[in-house]
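Participant: Mind looking over this structure? Questions follow.
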Amino acid sequence: MVRVAINGFGRIGRLVMRIALQRKNVEVVALNDPFISNDYSAYMFKYDSTHGRYAGEVSHDDKHIIVDGHKIATFQERDPANLPWASLNIDIAIDSTGVFKELDTAQKHIDAGAKKVVITAPSSTAPMFVMGVNEEKYTSDLKIVSNASCTTNCLAPLAKVINDAFGIEEGLMTTVHSMTATQKTVDGPSHKDWRGGRTASGNIIPSSTGAAKAVGKVLPELQGKLTGMAFRVPTVDVSVVDLTVKLNKETTYDEIKKVVKAAAEGKLKGVLGYTEDAVVSSDFLGDSNSSIFDAAAGIQLSPKFVKLVSWYDNEYGYSTRVVDLVEHVAKA
């Protein structure tokens, strides 16, 4: 049984907790969020506008939120170094704040007594692991790891399958991405990204993403071969990757479908999905796959030039992989 603590109770933190509570060998021991009181934590865990109401019992007292009779200790500490992870015997701290995402800042959890840390955001200094792609490279001496981003988790399994079978010479990715909490309900200040300050619910907003370049970190053979961008669109959840690639080997679209389907039914089952149905984004709400290949949406221009389409629930699929990575780290 791996004892975990969650730091940051936002969209990902709450879903990670929902998923972790379903796993027999994961025990959620503690939760820290300096901005949320216990009654509000319980409320936000129970009611979710996107994923629906939590099916079990949720309550709280002065020092806990209580889910289906299971008491989870709560803290409102701004500095993770001050958390009682040692006395609570925390094996893995899951940091879903988006703040402590580098080795030096995530180290605060180790200083507080956690044995290891899983960061639920891409990191420029912590090693990144994508389940189904490079998790076998994890070694037990690594104390702090990153689960990369939701978009990297969608793109990397597909890119790996395509590269292994046909070779990728170079490629461009676009993610058509649902709104997230960093965006604005009405036009407001966003000094680093002026477009990002525009009304989320009324615009298609071009944005940057490091997701494609990050694939090169988890798949070194693709280093420097992929880059990408994002369009933020007014949907609350579920996003889609368009991967347009120049291949090394000539092939047919039918052959690509066959290869992806075999991977989805084989070694990448549970990470990579496959559909030939006439689907739209809401069909993937609550889908636990990292990436679902849309066979009917892709197109081919020539034997070496294709556009491939893959869906992902950027909240639920990603949060499922966070818990998978926690279990993998605990076993190593």
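Backbone N, Cα and C define each Cβ position, glycine as well.
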Participant: So which of K63, K143, K225, K269 shows up as ubiquitin cross-link in Swiss-Prot?
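Facilitator: Looking at Swiss-Prot, the ubiquitin cross-link feature maps to K63.
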Participant: Of T120, T125, T227, which does Swiss-Prot put in the NAD(+) site with R11, I12, D33, N314, Y318?
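Facilitator: Candidate in the recorded NAD(+) site: T120.
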Participant: In Swiss-Prot, S149, C150, T151, T209, G210, R232 are given as binding D-glyceraldehyde 3-phosphate, so which of T180, T185, T252, T275 is in that site too?
Facilitator: T180
Participant: Round to the nearest Å and give the CA-to-CA distance linking S149 (D-glyceraldehyde 3-phosphate binding site) with I12 (NAD(+) binding site).
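Facilitator: So the Cα of I12 (NAD(+) binding site) lies 11 Å away from that of S149 (D-glyceraldehyde 3-phosphate binding site).
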Participant: To the nearest whole angstrom, state the Cα distance for the pair T209 (D-glyceraldehyde 3-phosphate binding site) and K63 (ubiquitin cross-link).
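Facilitator: Per the Cα atoms, T209 (D-glyceraldehyde 3-phosphate binding site) and K63 (ubiquitin cross-link) stand 39 Å apart.
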Participant: Give the helix, strand or coil assignment DSSP yields for H177 (site 'Activates thiol group during catalysis').
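Facilitator: DSSP assigns H177 (site 'Activates thiol group during catalysis') to strand.
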Participant: About how far apart, in whole Å, are the alpha carbons (Cα) of N314 (NAD(+) binding site) and S302 (phosphoserine)?
Facilitator: 31
Participant: Pick the one among the recorded positions T120, T151, T180, T209, S302 whose Cβ has the fewest other Cβ atoms within 10 Å in this structure.
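Facilitator: Output over recorded positions T120, T151, T180, T209, S302: least Cβ neighbours within 10 Å is S302.
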